[in-house]
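Database features (TrEMBL):
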TRANSMEM  154-173  transmembrane segment
DOMAIN    224-615  domain 'Acyltransferase 3'
TRANSMEM  227-247  transmembrane segment
TRANSMEM  267-293  transmembrane segment
TRANSMEM  314-333  transmembrane segment
TRANSMEM  377-398  transmembrane segment
TRANSMEM  405-425  transmembrane segment
TRANSMEM  452-476  transmembrane segment
TRANSMEM  488-512  transmembrane segment
TRANSMEM  532-552  transmembrane segment
TRANSMEM  564-583  transmembrane segment
TRANSMEM  595-619  transmembrane segment
Amino acid sequence: MPKLWQMDDYDECLESPGPDEPPGVYCGLSVVLKPNNRSELWKLIEEFSSDYKRHYNHQVLKWGVCIKRCQKAIEKLSPAERNALTVEPFPIDVRYKLDDGILKDISTYREVYEDVLEICVNKELNDTYGLVAYTEILSCDKSTDEVVIDALDMSFLIVLCALVCFVTLSSWYDSSINYKRTSDHYRQPLDSKRKMVWVSFSIQRNWYRLTSRSHDELNQKLRFFHAFRFLTIVLVIFGHASLLLVVTPTTDSEKHERIMHNVGSMILTNGAQITQTFLGMSGVLLAVKFCSFAEKRKGKVSFLYVPFAILYRYVRLTPVYAFVILLHATWLLKLQTGPLWRWGAETEQTFCRRNWWTNLLYINNYVHADEPCVQQAWYLGAEFQILIIALIVLVMIVKFPRAKIPILGLVLIAGYIIPALFIYYQKLEGTYLITLEAQRYLLWYDKYYLHAYIPTHINFGNYIQGVLTGLVYCELQKRSINLAQSKVFSIVWHLTFVIVPLSWLPSYMFYLNDFPTPSVWMAAYFIMSKNLYGIGAGIVILGCIDGVNGVVKRMLNYPFFEPLGRLTYGAFLVHPFVMRFMFASVRAPVHYSDLLTLSLVFGATVMSCLMALVLCLLIELPTTALQNHFFGSFKEQKSNHVDRENGTNGTDQMLIIPGLAGRQSEL
């Protein structure tokens with residue numbers, strides 16, 4: 001069969017031409033083979049591609065072609081030969097390109113070069129395989145292209161320069177008032193709130209905040225969450241690397257198809273569930289901190305607390321998030337070139353300039369989800385929405401303790417029933433199918449991704465199970481029950497590490513068969529298998545808190561995990577930025593060996609953490625410092641009318657700890 005990828009030399013094509021020569025032009029093409037039932041090769045392509053769940057669609061090829069080479073290849077063809085190699089439009093019911101209007105100037109390039117390219121491509125296909133194809137230009141680069149800087153690009157530079165100035169001045173001021181010249185100065189609060197505001201951007205002070213260890217009893221018990229965060233983000237990076245291996249040109253595309261025929265590959269394919277770890281951790285931490293907060297206030301928690309907590313969380317997450325969005329909308333495209341770069345970077349620029357508001361409102365997993373800006377941030381939208389519901393539920397069970405079990409029971413049932421109904425009525429499969437063909441377009445248009453992976457109602461169950469896990473822990477603490485002393489729980493805890501991955505293997509039957517939909521049993525299977533991960537995560541977390549396996553807990557509590565865990569939020573936001581440079585800037589098809597893949601994952605992890613460190617010291621930690629100062633005053637005002645009897649602050653600052661973005665001074 002024709003190779004899925006074929007690419008001319010990009011840099012040679014765009015070498016600076018002579019003064020009397022036309023500019024070099026390099027175009028990326030979709031080549032859709034025309035059906036030909038008289039061709040045995042076509043019959044093979046059609047039959048092989050019909051296994052759409054495990055194979056690529058080999059009718060659609062991706063080529064990178066130099067216009068100069070094409071013009072030379074067809075210059076001696078007669079008009080009759082050219083006409084024979086021109087394909088009239090034919091019905092195409094497969095996806096072969098991105099939606100129109102995403103990349104600039106494509107219509108102009110198509111008008112000028114499409115006929116030449118189609119004849120050139122068909123000459124090669126016909127000579128080699130006896131087939132012809134419909135050809136459409138996806139993107140073009142010209143040697144005379146210049147970098148254009150607009151007002152939005154300048155705004156990013158202004159913001160960046162302002163942040164650097166704030167950090168420089170704040171660090172200088174903090175150093176100037178360190179009269180004793182000791183490092184303890186940066187660890188201690190200053191004698192006035194005004195000074196604390198001035199040193200919010202101090203790099204020395206924020207470095208100590210990043211690397212500090214809390215000695216609070218509860219935070220010591222939950223310290224292993226830092227290791228969980230870091231290890232989870234490493235697995236997320238590995239999963240996204242696997243996605244990009246499918247998206248970018250490779251000399252061995254058959255390797256991906258062979259993997260999809262292996263039952264064991266379901267453990268890798270279902271590795272997309274790893275993001276549920278963040279949801280489970282978020283639920284646990286929210287419940288545990290809320291219980292601590294409610295206990296300090298003796299159960300007197302007002303519903304007014306909910307909007308305040310939401311605002312606190314929004315301010316905590318958004319500044320660094322907005323900075324990354326602005327980076328993607330401006331300078332990402334200008335930092336690299338290559339035959340795939342416009343496809344990999346200009347799409348992100350276009351989506352971020354169009355749809356940035358959906359991200360900042362945290363509704364991006366529903367609105368314009370097929371044109372995602374910072375695609376991995378669907379998780380932030382889902383978690384933010386579930387947080388609002390969880391806060392209301394927690395306040396309700398504190399205000400109405402007698403209805404605690406019915407409320408939690410109804411919420412948990414809703415977490416199972418609602419997504420099952422969506423799976424049934426949307427006629428989806430019994431598992432989240434990750435097909436190779438959908439990955440070629442980064443899942444943007446895949447119905448399984450849009451309806452069975454990123455929606456809030458699909459992910460609601462595991463977050464709520466995390467909340468229940470946190471409440472169970474609080475109840476066990478009240479009763480002085482230590483699960484580490486239970487042999488039965490210890491056995492269950494150890495078996496969980498085996499049972500949960502093995503539970504993914506039956507998903508292979510959905511890749512082998514086309515079961516009729518809608519189906520009640522498939523909807524039930526989908527929800528049970530998805531939420532089993534949350535149950536397993538809850539068991540593991542409870543066991544780690546009580547130290548069921550002392551060796552594991554000591555390993556997870558190693559000090560180096562703490563700063564790495566605190567960098568997880570930034571790493572989550574920037575790792576696709578880093579990985580674009582590794583994958584989308586390639587010049588030709590690459591042979592991705594297992595060792596090369598691991599090297600790329602390791603490199604992406606290190607570079608993501610380094611970028612996250614910069615964002616943390618530049619934006620994230622200064623934001624949380626300012627937030628604590630300004631919200632502190634607000635909380636004192638709120639406490640006057642929300643809880644006059646108790647006299648405590650209206651909100652425990654340790655409460656809002658999302659799975660990715662915990663307060664830097666905590667745990």
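Numbers here mean position along the shown chain, with the first residue as 1.
Glycine residues also receive a Cβ, built from the backbone N, Cα and C atoms like all the rest.
In this chain, the transmembrane segment (267-293) lies in contact with the transmembrane segment (532-552); the count of Cβ pairs under 8 Å, excluding pairs fewer than 6 apart in sequence, is at least 3. Below 8 angstroms of C-beta separation, residues 218, 222, 225, 228-229, 232, 235-236, 238-239, 242, 259-260, 301, 379, 382-383, 386-387, 390-391, 394, 431-432, 434, 453, 459, 462-471, 473-474, 501, 504-505, 507, 530, 533-534, 537-538, 541, 651-652, 654-660, 662 of the same chain, each at least six residues beyond the ends of the transmembrane segment (267-293), sit close to that stretch. A contact between the transmembrane segment (314-333) and the transmembrane segment (488-512) is absent, since fewer than 3 of their C-beta pairs, 6 or more residues apart, lie under 8 Å. Per-residue confidence over the domain 'Acyltransferase 3' (224-615) averages 92 (mean pLDDT, predicted model).
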